[in-house]
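Structure, as structure tokens:
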Amino acid sequence: MARKARQRISYVLPLAKSTGGHRLGVNGLAVDSDNSILYSGGRDGVICAWDLHLDLKHTPAPEHDEKPVAPTATTVRQQVQAHTHWINDIALAQSNRALVSASSDITVKVWRPAATDRLPPQSIGLHSDYVKTLAVPSPSSDWVASGGLDRKICLWDLSGAGQKLCIAVGDDEAGSLSSREKGSVYALAATENVLASGGPESTVRVWDARTGKRITKLVGHTDNIRDVLVSQDGSTIMTASSDRTVKVWSTVAGRCMYTLTMHDASVWSLYSTDPDLSVFYSSDKSGLVAKTDTRDVMELDEGISVAVAQEHEGVHKLVAAGGYIWTATSRPSINRWKDVNTEHAEIDWPESYNPHRSSAAMTTPRYPNASNAREAQNQPQTNGGAKRKLPLKHMLRLSNTAYFPAPAATDGEQRQSTVDGKKEAISPETVPMQPVRAQADYAVEGQNGLIKHVMLNDRKRVLTLDTAGEVMMWDLLKCVPIRSYGKRHLEDVQREVTTATTVANWCTVDTRTGSVAVILEENTCFDAEMYADELDLDEDFEYREDQRINLGKWVLRYLFSNLITEEIRRDQAFRKQLLATKESQRLQRENAPTSIQLPPQQTNGWHTATADLSTDTTPRASANGMARTAATPGFSIGLASPALFTSPTKTVTSGHILTPTAEEGAPMTPQQTVAQTRQSTDRNSDYFSASRQSSSEISSPGGVLKPPTTPGEAAEEPTTPLGEGAFKDTPSKSGLFGKKFGMGMAFSGMKKIGRTTTNEAAKPAVVEEKAETESDATSSKTSNSRVVEDNLLGTVQKIRYAYEDSLQAQIQNQQAHENGLPGPQPGPIDIPSAITPSLPADTPVLEPPLNTTILIQEDRPEAGGVADLFEGTVGTLGEQCDTLEKAAPMWLGEFLLKNQAPAKDVVKISFVLEPWQNSLPSIASDMNNRLNANRMLRAKKILAYVAERIEPAQPEDKGQDPDALKPEEYLELWCQNQVRSSFPVIAVFGSLLIFTQMVPPSMTLATMRSQLWRGGGDVVLYYKANGRKEILHAPQQPSAIPLAPKPMPTATAGAAATG
């Protein structure tokens, strides 16, 4: 069986004043024109749905000189934490009912915001590296394509059926290793039949969407391809590149048709809703947003390109609808700009512009000269109206080969050529461009996200820096911010608040999504402890002296408190139902006799004179009633005819009254029988078995009895105190099967006195024992039917199986007592709860915010990351109990429900304890002063150990003086520094200088090593008196008498120091 992937728990602290919106930059945009909803995906892993409150279907683009009006506000409609890493792209599919997202957490997810089930985004695909881009072939398509840094293009079924097709882009150039390494997919576009992809190798690849075969390869760009568009019929492909060009390709001709150069920076995004791409939008690294219209022209480069807007930084994504354009940048806000109507538009240039062409290329211009162009402008449109005139200052030169008018040279604009001394007109590129929209129409504001963090030494506080420059301190246990330090340098605040406390690493912190995410791993989350007097606890909380609190247990206990409450409620209902079911089975026959007397002359399992047990078969009743009848201890029933029985509590009387056997009455010394000569491997056929058989095996008509187990095994039912004590005094342990008649059998009760079996092959499996006791009168389950899930549900299953075993044992004990068998007086049948969460005395009550996000994640080594198995909040875990039981690991369930953490060895630190300059006696006369203790041992405990060793013991008849000084009050502990401290105390030992520092009484060994010792090897500690008390030295042992203590073992010394 494959090893289960490692799982971890993450919780995300909610940001203060969280009103909705992104915390980090926005990478993806999608607009639903039918419902006037804008979707955005950000680097914080959040998908936001915004209500635009605009009519996007019937509103035309406004004119360039339209007067501004009061903007319509945009409000948050819905928000979901879809991913645990950056969202790189989003796309609408299935008639805008599904929103697909691609993330750096290597998943592709689909979210249905309008669905009634309100499920969070569900994963439909998994890459092995960052997923960078998405493509939806059509609004009604049932699949989506994704591409990423794993050099693959994958087609995913939107209904969750998995992968439909996978294209290995890196294998396209089988003979070129460099091509395979550059096969990352940064841009992707799709139709139902064609896929077009681009990446850092500057090549456009066209694929058959049905077979995955490459159709053609288009070469022409000189830098990374950042975005791709494909026309609806698949005949035209448009690409944007970091080489500052937009190229238009013909898939029929297999070559580049036009190269557009309206941008002066790397082109990052393209957008178009036109079927043949006649109108499209583009944005670049400088923040320029351009609209290009090539309608009503013969050649594409004769169209017009308008500078619509200018952002303050590069635009990663843009979308347009209903006369508006939305732009996404590295900031958490989204700007909305008014569009420009370019339908039937022409350039409006002044009379002063020269008619000559600015380009040296000899191509046929759209207008041979400026006068002809002005005449064309004055010509009426085909519908009889005047053409729209757009000012020249807003226009962009679409192509180097296209005509673009230049202004006439004036005296002030003449310049001297440095080449040939001739004067030439100023280049049109020097004419300053002005965007049509000077400022955004509306800004959809985001939040200030976290971009940097520092974990403090106490491992329960963390400092963060957000996008606004504000430094904040957070409490990882209470999940709330503690204090704001304003706009300061993070390192300066860190030096102010850092303490000398050293705590084991129990969690990791991540702020890559703009929030504080705390990650807990099974191997480390229970490693850290802190003393209660060092924690900020409520004043009414009473704690023991030197009580330590496990930080991982503490936070997990109350993050999942609602889940524990729900499990306790379900547990109560289950136990109540179980008791009711058993009681109804007992009352099926009200007049059923309680016992049957067994004749002593016919059955005696211990005397060979009256019983022949040479065979293991069940004796059958004969006509004269003298057949050998086997007795079943635990029921005191003679199995005259097993086919007549239907329940272990229903007995059938016969004409022959059978009296109990001797072993069922008074105890006696067993004699040698044939049964004693059986080997230990035949233990399962031992006749004297506790009633661990399932009722169906006893009562099934015509059924064959299964071989019973040994009596001693029935005593081990540690599920409840009642079930455990009900069999602890039965003769099956010491009376009938004592040392003399052990016969090599392994009894479960012997484990309590340190005995172990020597025949492992004959030892029954624990699961099988439980399975046999689970069966009742109406069950036909076997030992193989008890399967425990390897998750939190498995913990619940084990608890419920234990309930069934305990109830079965109690019923058997009660029946044995009713039949006169010796044993303790049974009490009323009850099943105490086995759910025992951590108590407030060990984990003081915490109240994390209800909107704290909880994530269950699983490592995916083959994919190079982690996958989310569950997402919820502290307040909703009770409602999501069923889902969480299947997703959460078993180790979490063992702790939450049974307060059992994974066992780990105690981490100890070795140290040497010496008197300061021999001012006090040594702790050991044989100079064995090397000790080993728990890393959490405090200095005052070490001083108490020193005082116990160097001072004479107090007489037993003398009581403890309440006013006596504690050892830490009259003794001091000093630690040697391997690295010179900033405040050293220098001691001179001959010619050796030693730098030491005084150790506070509450400092732990771990802190001494990390903060004072600062090196490897054994920590060197010195103890000395401070003069507050006269120390009576313990008398030294005479050298002639060998009473010096033996060299103390490391473990023993550590234990003594701990005490």
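If you go along the chain as it appears here, the first residue is 1 and each next one adds 1.
Backbone N, Cα and C define each Cβ position, glycine as well.
Taken residue by residue, the repeat 'WD' (19-52) breaks down under DSSP into 0 helix, 19 strand, 15 coil. Per TrEMBL, the feature repeat 'WD' maps to 19-52 (among others).
Taken from TrEMBL, the feature repeat 'WD' applies to 80-111 (among others). Here the repeat 'WD' (80-111) has Cβ contacts under 8 Å with residues 10, 12, 27-30, 32, 34-35, 39-43, 45-47, 120-136, 139-142, 144, 146, 148, 154, 156, 158, 160, 317, 512-513, 517, 853, 855, 857, 860, 863-868, 871 of the same chain, all six or more residues outside its ends.
Residues 86, 88-96, 98, 100-104, 106-110, 165-170, 180, 183-192, 195, 197, 207, 209, 860, 862-864, 867 of the same chain lie 6 or more positions beyond the ends of the repeat 'WD' (124-159) yet place their CB under 8 Å from a CB of it. Positions annotated as repeat 'WD' by TrEMBL: 124-159 (among others).
For the repeat 'WD' (178-217), the number of residues in each DSSP class (helix H, G, I; strand E, B; coil) is 4 helix, 19 strand, 17 coil. Annotation comment: TrEMBL describes 178-217 (among others) as repeat 'WD'.
The list of residues near the repeat 'WD' (218-259) in space but at least 6 beyond its ends in sequence, with Cβ under 8 angstroms from a Cβ of it, reads 186-191, 193-194, 196-200, 202-206, 265-272, 275-277, 280, 282, 284, 300-301, 399-400. Feature annotation from TrEMBL assigns repeat 'WD' to 218-259 (among others).
Per TrEMBL, region 'Disordered' is recorded for 348-390 (among others).
Taken from TrEMBL, the feature compositional bias 'Polar residues' covers 369-384 (among others).
What TrEMBL lists as region 'Disordered' is 584-621 (among others).
Residues annotated as compositional bias 'Polar residues' in TrEMBL: 591-621 (among others).
Residues or ranges marked as region 'Disordered' by TrEMBL: 660-733 (among others).
TrEMBL lists 669-679 (among others) with the feature compositional bias 'Polar residues'.
Taken from TrEMBL, the feature compositional bias 'Low complexity' applies to 689-700 (among others).
Per TrEMBL, compositional bias 'Low complexity' is recorded for 711-721 (among others).
The feature region 'Disordered' is assigned by TrEMBL to 758-784 (among others).
Sequence annotations record features per position, and here TrEMBL assigns region 'Disordered' to 1039-1059 (among others).
According to TrEMBL, the compositional bias 'Low complexity' annotation covers 1050-1059 (among others).
Using a Cβ-Cβ cut-off under 8 Å and counting only residues 6 or more beyond its ends in the same chain, the repeat 'WD' (178-217) has close neighbours at 132-138, 141, 145-153, 155, 165-172, 223-230, 232-234, 237, 239-241, 243, 249, 251, 254.
Sequence-remote contacts of a segment are chain residues at least 6 beyond its ends whose Cβ falls under 8 Å from one of its Cβ atoms, and for the repeat 'WD' (19-52) they are 72, 74-92, 96, 99, 101, 103, 105, 111, 113, 121, 316-322, 326, 328-334, 444-451, 467, 513-515.
Counting residues per DSSP class in helix, strand and coil order gives 0 helix, 20 strand, 12 coil for the repeat 'WD' (80-111).
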